[in-house]
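So the structure is just underneath, and the comments pick up after that.
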Amino acid sequence: MEDSLPLHVCHVQTLSIFINRSHALLHSIALAFLIYYRTSFLFQDPDPNTTATPLFLPWLLVFASELLLSFTWLLDQAFRWHPVTRTVFPERLPEDDKLPAIDVFICTADPDKEPTLEVMNTVLSAMALDYPPEKLHVYLSDDGGSPITLHGMKEAWSFARWWLPFCRKYRLKTRSPEAYFSTVSKDDDEGSGSSEFMTERQKIKERYEMFKESIREVRGRLLDPVHGSGITARDHPSVIEVIQDNSNDRVQVDKVKTPLLIYVARE
């Protein structure tokens with residue numbers, strides 16, 4: 001591995017460094033004069049011959065806001081101080097069987113504050129990463145132990161059996177279903193202009209709408225004031241569950257490789 005070619009090369013932008021640092025120097029000098037001017041006003045002796053209302057409080061508020069904006073600007077200079085660009089060489093990546101296994105952890109706690117559908121879109125995005133599925137493990141840590149989250153995981157796994165092959169086949173750049181189907185501008189995906197692509201896209205979109213409706217239906221049932229058990233966080237035993245197929249649709253399910261999806265509810 002020591003003799004292998006690098007996966008990226010870093011280039012330092014000398015001209016950008018000179019321009020950014022020169023601008024930062026001039027801006028800092030201007031801020032120093034401004035702070036000196038504001039400070040000198042606060043400590044100057046009032047004129048005994050004037051009866052005008054002192055402007056101490058408004059001046060202090062303006063000074064405080066300028067200090068806050070100056071501090072914000074200072075923090076913004078960190079990535080401008082030494083700008084670099086990188087040239088990547090994805091063709092130098094090792095074969096799939098030599099890549100290491102990776103774990104993706106997604107944390108959630110309250111389905112009211114963190115809507116289940118949005119959390120499941122994050123799960124689907126992680127499952128659709130361009131990585132060997134047998135070496136990708138996705139964990140959802142649900143501190144609230146909500147039944148709607150576990151149900152959403154099972155539905156997301158079923159939908160992923162259709163979503164992942166679609167992403168891989170057309171090399172989608174946007175792999176969150178909600179973002180992909182709601183975007184106004186279309187990504188330049190492979191085969192995006194063909195009739196086959198449009199037909200498959202419509203089918204996947206219909207399945208995604210069914211997926212969303214299933215989550216809404218269960219949520220409404222759990223929130224039923226008479227028979228519902230609620231969806232909020234509560235005390236619960238620790239749960240670890242590997243999500244398996246829970247649907248009767250076996251048309252293409254057995255042909256799809258999916259990452260390992262694990263639900264974890266800590267006590």
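Numbers here mean position along the shown chain, with the first residue as 1.
Glycine is no exception: its Cβ is also placed from the backbone N, Cα and C atoms.
What TrEMBL annotates here:
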BINDING   Lys113, Glu114, Asp143  UDP-alpha-D-glucose binding site
Quiz item: Around Lys113 (UDP-alpha-D-glucose binding site), how many other C-beta atoms are within 10 angstroms of its C-beta?
Solution: 10
Self-check item: Which same-chain residues, if any, lie at least 6 apart from Glu114 (UDP-alpha-D-glucose binding site) yet have Cβ under 8 Å of it
Solution: Thr108
